[in-house]
Structure formats: structure tokens, C-alpha cells
Amino acid sequence: MKKTNIYDLYKLKEQNKKFASITAYDATFANLFFKKGIRTILVGDSLGMTIQGHSSTVPVKIDEMMYHTKCVRRGAPSCLIISDLPFMSYNNINDALNNSKKLIQSGANIVKLEGGLWVSDIIHELNTRSIPVCGHIGLTPQSINMQGSYKIQGRNNNDAIRLMEEAISIEESGAKLLVLECIIQKLSNNITKKLNIPTIGIGSGKKTDGQILVMQDVLGITIEGKIPSFSKNFTKNKFGIEKAIELYIEEVENELFPSENHSFN
């Protein structure tokens, strides 16, 4: 099957067609997701919580991201794979270049990093060296120790202005994609319309170009059985894994998910 590339997502944006993405951390699930129609997989540092059992993503190391990226690439050779640069692995340009190289050589097509205006120079340097970058603004889990808790973003005017400025700066720096996390849907819609690059939302309403969810949330296998309010357990009606993934893709492509119940205003 033809490999998915970044510009396939650009075509979908131009055609106003939504696409579903999901996290994966091993070859078996990556292969299953690919066979069911997922074309974009995120090897997320969320593995710190979902796989390793930590309370945040902060403890995750670059070697662990490399290991899981290799596993996912073996299971889904034709998927577009985005891999997270973990906490403090891109604190300066040299670290960002070295660690991005490691992820690309491990099988990633794109590296993802969290942050606003301060990451623009890093994105520019990576882009000029042919390393595709996905930005990530709004709720940034690596900043949990600064934020104190996982809060909805963009509810006041100053925050909304800041997030729009960050999105524009990240695009101008050369990022190819942008994740919008837990941003009120009116603002995420405005950002999506403003940018030429595709946006991928999580907890940011249905008008982003794509959606991303953590696989454990989709399959209802989270620790203590709790999932975020913006997510959905697609096995709730006693569907098996394959049917749940098919339903997730179908609801995203038809703009049935996320519903108002999974969005913030």
C-alpha cells in the first residue's frame, strides 16, 4: 500500500476532509490500526503514563522514545509516524538536532515538540536541516509542573491572542503540522482557518483538520478506568477493538466526533 506522507494531509485539508490519528507504542497495535485505516500514528510521550505508569510525561527519556518508534515503524511501515521529543530533549538547538536525528533514524517521519514562541527558532533550524516538525500548543503536558494542572486553554482574550500568535509563529518557522490541545473550539477553528498547515486537535472541537486520541482512551483500557472528558471509549457498546477503531475513524471523518460533549467553549 502507498505510504502516507505529510502532503497527503495537506490534500485532505484542501478538500476539507477530516482525518483520524491515534497513539501507538508497539508493533501489534500499530499494525492493527493501519489495517483498519489509520494513516497517521503518534508515538507519544504519553507512554510515560499509559505504558510506564508515571503520573506525567516528564520522566520519559529519548532512548525510550526511540525504542517505541522502532516498534511502531515495524508494525506500520506505510503509516506517517510522528514521534515526540520528550521533556528537555530540545532545550537548545544542538540537543534538538541530535535527538531529532535519533527519532528520524528510528523510523519517525516527523518529530513533535511542545511550546510557543520560544520553540520557533528551534523549529526553523530543524526545518532547514530537512527534519519535518509538528508543533504543539495549548495544553502542553510537559509543562505540568509550571501549569499546576491540566487546564482548558484560550478562555480569556489574552490567552486567545497569545495562542494565535504562537500558531502563526510556528507555521512561519517551518512546522508542517500543529497539534492543538484542550483549546476552546471557537479559537481552534479560527487557528485552523488561519493556517495553511494542517491542525490536529485533541479536546479542541471538531473543526481542526484532524483528530488525535490516546489509544487506551479509545479502547477503554485506561488506568483506574478514567478517561478525559474530551475523549471517548469506542468499546463502550461492547464493540471489539477492530470495530472500535473503525467507528472512531468513521465518526471523525463524518464530524460526529468530537461532539459538543467532548469540546470546550
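Our numbering is plain: 1 for the first residue shown, then up by one each step along the chain.
Here the Cβ of each residue, glycine as well, is placed from N, Cα and C on the backbone.
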**Asked** Asp45, Ser46, Lys112 bind 3-methyl-2-oxobutanoate according to Swiss-Prot; which of Asp8, Asp84, Asp159 goes with them?
**Response** Asp84
**Item:** Number of other Cβ atoms within 10 Å of the Cβ of Glu114 (Mg(2+) binding site) across all protein chains
**Value:** 23
**Fill in**
Rounded Cα distance, in Å, between Glu114 (Mg(2+) binding site) and Asp84 (3-methyl-2-oxobutanoate binding site) is 9
**Prompt:** With a radius of 8 angstroms around the mean position of the C-beta atoms of Asp45, Asp84, Glu114, what other residues of the same chain does the Mg(2+) site pick up?
**Reply:** Gly44, Ser46, Thr57, Val60, Leu85, Pro86, Phe87, Lys112, Leu113, His136, Pro141, Gln142
